[in-house]
Each structure stands twice: as C-alpha cells, then as structure tokens.
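Taken verbatim from TrEMBL:
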- C33: Zn(2+) binding site (BINDING)
- C33-C105: disulfide bond (DISULFID)
- C35-C134: disulfide bond (DISULFID)
- C45-C159: disulfide bond (DISULFID)
- C161-C208: disulfide bond (DISULFID)
- C166-C171: disulfide bond (DISULFID)
- C179-C200: disulfide bond (DISULFID)
- 33-159: domain 'NTR' (DOMAIN)
- 1-32: signal peptide (SIGNAL)
Amino acid sequence: LPIVQGSMNPVHSTLLSSVLLFTLRIQELVEACSCAPAHPQQLICDSALVIRAKISSEKVVPASDDPLNTHKMIRYEIKQIKMFKGFEKLKDVQYVYTPFDSSLCGVKLEANNKKQYLLTGQILNDGKVLIHLCNYIEPWDDLSLSQKKSLNQRYQMGCGCKITTCYMVPCSITTPNECLWTDWLIERKLYGHQAKHYACIKRSDGTCSWYRGGPPPEKEFTDISEP
C-alpha cells in the first residue's frame, strides 16, 4: 500500500504498534526472574541459612562499594525469632539483602515488624545474607504444621535424597535415593498437598521414601511410597 511522505497508513501503524508491543513483551520475558520448580525440602537443603523472622524496616543501599556498579539492593532489618540452619556460620542475623529489581529476583517483604516469615538464603563471603525469589520464602502463617515441624530436623534428614518433579506420565524412579514429586500431576499446582505435608527421608538401607508428619502429639513416621 502506498504511504504518503510524512504520514503512515493506519494499517501499517497498527502493524508497527503490534510489533513494538510484541518486542516489549519479549524484552519483559527476557528480563523477568525465572526459577526452576523445587520442593520446599530441596530449597531448604540448598540454603545456607534458614530462619524465622519479622521485618523491622527496609532501606535501599548500593549493591557494592564500587562506584561504577549502579545496581541497588534492599536491606531489610530483621528481628530473628529462631534459626533452623546456619548456626556454624552466623549466630544472629540483623540484616538480609535482596536485589532492588524484581527482574533480578528481588523479594518484596512487609516491613511492619508484625508479619513473620520463613526466610532461606545464602551467606556471602563478607557475612551478608542474600535472599531472592528462587529461595523458599513464605509467610510463617502460610506454612502447614508438618512444614513447621520438618524445619527442625526432618527436611535435613533427607538432604541426601533426590526429589524429582513429575510433569507428565510416565514418571518413574530412576535411582534408589529418589522421591517423585507429583503435586503438578495430581493437583495442577506445584505447592500442593505433597509439598505441604510430606518430606523425602533417607532410610537405613540408603533408599529414600516419602514420610508424612502427623499432628501433635507426633506419631511414628508412616512409610508412604505413593502419596
């Protein structure tokens, strides 16, 4: 179609707008934070630090002392309530850091000194604690009773086990120390019944199997091969 100099045909204008919008959407997807799905137990095992805490305040700070580094971090001041993992490196955590940009997996928390969180993260060489969206970070009240009890020891008893996510059938165990995570197959969501109530524990013979935590008073573990 002919285009008059200095103007644009409405059809071409609409097409160009669609292309620009599509390009922007692709850019958003490229810049977005992406995390591989993982069972809460796996995220706990992969973390250097696991604590229960309240967030007292937040402050935007430089990511480093390098003046050429323009990235920012959010420094959350916290009140540690209980530490479940990380004793050998830190005794008490006063601050945790997260990227300012959500595209870099930064975490937004409520800094009102009221809401309690389960925080997991890594300990940097300088002793700072780094948290991001790919860690297991949940409001404490959203955790099931079984999850809360598993934080003390049960999850860490299964850190030598492999938890495999099943997205479609067939899905089968390939190694003796493997547990199949089937929440997506059964409920079409990752953090379903199995994630909230089961832990994959290594047995004395080296094999791994799902165990469910019972309500208090806690009963003996029940071996569940197919939750």
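Just so you know, glycine gets a Cβ as well, placed from its N, Cα and C.
Automatic, uncurated: that is what TrEMBL annotation is.
As the structure is a computational prediction, the values presented were derived from the model and not from experiment.
The recorded positions examined here are C33, C35, C161, C166, C208; by Cβ neighbour count within 10 Å, the least packed of them is C35.
According to DSSP, the secondary structure content of the domain 'NTR' (33-159) in residues is 23 helix, 45 strand, 59 coil. Considering only the disulfide-bonded residues C45, C105, C134, C159, C166, the residue whose Cα is spatially closest to the Cα of C200 (disulfide bond) is C159.
Taking the C-alpha positions, the distance from C166 (disulfide bond) to C35 (disulfide bond) comes to 17 Å. Here the Cβ of C45 (disulfide bond) has 20 other Cβ atoms within 10 Å, regardless of which shown protein chain they belong to. Cα spacing between C159 (disulfide bond) and C35 (disulfide bond): 20 Å, rounded to the nearest whole number. Ranked by Cα separation from C35 (disulfide bond), the disulfide-bonded residues C45, C105, C179, C208 are led by C105.
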